[in-house]
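Below is one structure, written out as structure tokens; comments come after it.
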Amino acid sequence: MSKIGDNIGAFLRGSFLANERVTRHFPLMVYILLLSLVAIYSAHSADRKVHRIQKLQTQVDELESEHHDTKSRLMQLGLESKVEERVAPLGLETPEHPPVKLRASDD
């Protein structure tokens, strides 16, 4: 039990870092630490992008719905019966005879 206690004490004091085996592998440990930090950063960056994509997709869905509503209203307003209702107060009526096309001659 004293060996385990000594190892824990050395770890808490930080004296294990002065060990020859640890100092020999120190560059590898730093490399692994840097790779770990890059992996963590990449994961957080990917999460942020996923949240942004979801937010933008929600906005796209809302705008598509608004577009369809506006297009439907415009089609309803363009119907001949609706146009007649809107111009009736101006005293305009639908002609009984269709308009005649005038053609210019090439003479």
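Using the three backbone atoms N, Cα and C, a Cβ is placed for every residue, glycine included.
Here is what TrEMBL records for this protein:
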TRANSMEM  25-43  transmembrane segment
COILED    46-80  coiled coil
REGION    88-107  region 'Disordered'
COMPBIAS  94-107  compositional bias 'Basic and acidic residues'
Average pLDDT across the coiled coil (46-80), rounded to a whole number: 96
Long-range neighbours of the compositional bias 'Basic and acidic residues' (94-107), counting only residues six or more past its ends (CB under 8 A): 80, 84
Structural state census, the compositional bias 'Basic and acidic residues' (94-107) (DSSP three-state): 0 helix, 0 strand, 14 coil
